[in-house]
Amino acid sequence: MTAPFRLHAPFAPAGDQPRAITELSSGLHRGDRIQTLLGVTGSGKTMTMANVIADWGRPTLVLSHNKTLAAQLYGELKSFFPNNAVEYFISYYDYYQPEAYVPSSDTYIEKDASINEDIDRLRLRATSSLMERDDVVIVSTVSAIYGLGDPVQYRERMVALSRGQQIARDDILRALVGIQYLRNDVAFERGTFRVRGDTVEILPAYEEQAVRIELWGDEIERISKIDPVTGETIAALERMAIYPAKHFITNRPTIERASMAIRDELATRLAELRMAGKLLEAQRLEQRTQFDLEMLMEIGTCAGIENYSRHISGREAGERPACLLDYFPDDYLVVVDESHVTLPQIRAMYNGDRARKLTLVDYGFRLPSALDNRPLVFDEFMSLVPRLVNVSATPGELELQLSEGVVVEQVIRPTGLLDPVLEVRPVKGQVDDLLHEIRARERRGERVLVTTLTKRMSEDLTDYLQQMGVRVRYMHSDIDAIERMEIVRGLRLGEFDVLVGINLLREGLDMPEVSLVAILDADQEGFLRSDRSLIQTIGRAARNLHGMAILYGDRITGSMQRAIDETTRRRTIQREHNEAHGIVPRGVTKSVDEVRFITRVADARVEREGEAPAPRRLASESAPRSREELETLVGELEIAMREAAVALDFEAAARLRDQLFEVRTALGQAPSEARGNAQAPKRPPGSAPQRRAGGGRRGR
C-alpha cells in the first residue's frame, strides 16, 4: 500500500477553517457516522474538505450534483493532493437516449448512446486505483449509485505479473484476452496488446502509458513502463497488475448459466401475459428475448445486455446491483458537496428509472428482471456509507435530520470578507434603478448577476440593456454545462459585464469579480425565491470586497425575512471577528490564467491543451460571403463540432452539425453529401414502430 495523503496547500487554514477541520476530524475519529458542515460561500469549504480527508487518511468519495461542479472539485482536489490518486468518475456517455415506450402514441424509442473513450479510461482508472492504493479521492456525480461490474470478479480477474515470474508467453496472452483485452499488432490503442517475439506490450484500458513485458523462455526478465507512441522506456518496474478492460466481465459458463435463467423467467412471464389476455405483448416479448438469447449464445453479448444483468451476475430478484461504492474498503469516507441538492437528487434517481422501465415491462418490451438494472434506492445508498460529511451553505431538512441537528459552522472567511450588504427596494422603477447600479459597477470593472422569474422577462431585460449599451449576456435553460462554463469564463474575463438568467449558478461556482446580485420580483414566493435559494443566490456576490445584493419587492415575504436574518447573523459574526482580531477584509483576485484553469471543464479536456476556434456567425446571420470564406467556415464548424462531441456536449455538436449543413448548402453541396450514408437503426424483433424523440439527454 502507498503512503497516506500528503496535502499541498499554498496557505494555512484561516478564519473558521481550523475549528471546522478540528470538529469534523474529531467527529470522524469519535465514530460520528453523519456530520454536516454549514460553510458560507467563499469560506474555503474545499480546503476544509481536503484537510479532513488528509487527516482521515482513507479512500474518500466526493459526490457532486452535476458535471460542472464535479470538474471544478476534481481540479481543486488534484492541486491539493498532487502526489495522491485523485480520480474522476462520471457518466461516460457523450449522448444518452434511454430505451422507452410511449403507450399513448404507440411509440417505441430504442436506446441510443455514444461512449466517450476518455471518460471510460478515467472511470477504469478510478476503480483500479481503489484496488491498488489507500490514498485515493474519487470525485463523482450520481453515476456512483448506478450499476457497475462486481468488484470481487474485477479483482480476481486481475493479471499479476512480476519480474522473475515463471509463466509462458501464451499464458499471458490468454489471460489478457480473458479480461477483454484485444490483440492488435498494428494499431496500439487503449485496451489492446501486441506481441513481438518474446516481448508483449500492453496498453491498459485505464492508463496513458503502456507496459512492456520481456521474457526469457518462460521467465519474465524485465517489466518496463513505456511511451506507447515512441516506445521509449520511462521506468523499470518490479511488478505490474493489469486490471480488466471493462467493468463488466463475462465468460462462457456465465453466459450459459444466465441464458438458462432468462429462459425460465421468459416462460413464467409469457404464461402471465397470456393468462391476462395480453397476446400482442406476449408475442413481442418472446420474439425479442429469443433474439437476445441467440445473440448471447453466439457472440456473448446483445443489444441491451444490461437488462439481463441480474441473471448474468447471479443476483436474486430485487437485490441491488453492485456500484462504485462496493469498490471502496469498509472504512472509507463520503463527502457530499452541495448536499441540499445532491441528496434529494440521489433519492429521486430510483423512482424515475423505475417508472420508465415499468412501462417497458408492462407492454412486453422487457422481462421483469430488467427492473433490477437500476440505481440504488436512498436507503441502500445510506446503508453502504460508513461515514458521511454533508457540505452546504444552506443545509436542508434531510441533512439536519441525518446529523441529528448538529452542524459545524464555517462562517468566517479566511479573507475577512463579510456577507454581501442587503437592500430591499420597490419594484416600481426597478429596471432604471438596476441600470444605474450596473453603470457604477462598469466604472469599477466589476460584474453583475441579474436573476428574474421568467424567460420572457430575462429576454426583454437583456434586449433593453443591450439597447442601453450594456455588455450583457443571457443564460437560458437550453445552454448545457460546457457552454455555461464558457459564459462564466467570459463574464470573469470581462468579455461582458452583466449576466441575466432565471436560475443563475446558485451553487458552487467561484466568481469573485461579481460585486452585485440583483434579484427581481424577490417577493414572489416559490422554489426560486425560497429562503435557501435566496441565500445561495446572494452568495454569488460574497467573494467580492464590495459585495451587495438588491432584492426588488414591494413586500417582505417569509422567505425574504429568513434570508435577510441569516445573512445579517453571518455578517454580525464576521464583523465582530474582524474587529476582535484587527482583520482588514481583502478581495479575491485571480489572474487570467487562473480563471481559464478554474473554468475549464475537466470532463474530457482535462489533459488536452488549447481549444477549438469558436465558429463565426451562422450563415443565416452573416452578410454574403465569398466561396473561400464559406469553405473556411466549414472547416471551423467541423473542428468545433468534433470538440463539442469530445467535451460531452452532444446538443451543441448537433447544432453545429445543422449549421454545417446550412453552410454546405450555401456552397452548393447536397445535404446528403454532408450527412453521409447513415441508415436508420433497425427495429428489434417484435417492436412497435419507432419514432426518434427529438434530442436525447446527456449522460448523468
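Heads up, the Cβ atoms here are built off N, Cα and C, so glycines get one too.
Quick caveat, the model's predicted, so the values are computed rather than measured.
Features of the protein shown, as given by Swiss-Prot:
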- Gly39, Val40, Thr41, Gly42, Ser43, Gly44, Lys45, Thr46: ATP binding site (BINDING)
- 26-183: domain 'Helicase ATP-binding' (DOMAIN)
- 430-596: domain 'Helicase C-terminal' (DOMAIN)
- 631-666: domain 'UVR' (DOMAIN)
- 608-627: region 'Disordered' (REGION)
- 667-700: region 'Disordered' (REGION)
- 92-115: motif 'Beta-hairpin' (MOTIF)
Thr46 (ATP binding site): tally of other CB atoms within 10 A of its CB: 21
Non-site residues, in chain order, whose CB comes within 8 A of the mean position of the CB atoms of Gly39, Val40, Thr41, Gly42, Ser43, Gly44, Lys45, Thr46 at ATP: Thr48, Ala393, Gln410, Arg413
Cβ-Cβ neighbours of Gly42 (ATP binding site) (radius 10 Å): 23
Sequence-distant neighbours of Ser43 (ATP binding site) in its chain (C-beta under 8 A, six or more apart): Gly15, Asp16, Gln17, Gln410, Val411, Ile412, Arg413, Pro414
Neighbour tally for Gly39 (ATP binding site), based on other Cβ positions within 10 Å of its Cβ: 25
Assigned element (helix, strand, coil) containing Gly39 (ATP binding site), judged by DSSP: strand
Same chain, 6+ residues apart, C-beta under 8 Å of the C-beta of Thr41 (ATP binding site), given in sequence order: Ala393, Gln536, Gly539, Arg540, Ala542, Arg543
Mean of pLDDT values spanning the domain 'Helicase ATP-binding' (26-183): 91
Helix, strand and coil totals (DSSP H, G, I; E, B; other) for the motif 'Beta-hairpin' (92-115): 3 helix, 15 strand, 6 coil
Chain-internal residues near Val40 (ATP binding site), provided their CB is under 8 angstroms and they sit 6+ positions away: Ala393, Gln410, Val411, Arg413, Asp419, Gly539, Ala542, Arg570
Listed in sequence order, residues with CB under 8 A of Gly44 (ATP binding site) and six or more positions away: Pro13, Ala14, Gly15, Gln17, Gln410, Arg413, Pro414
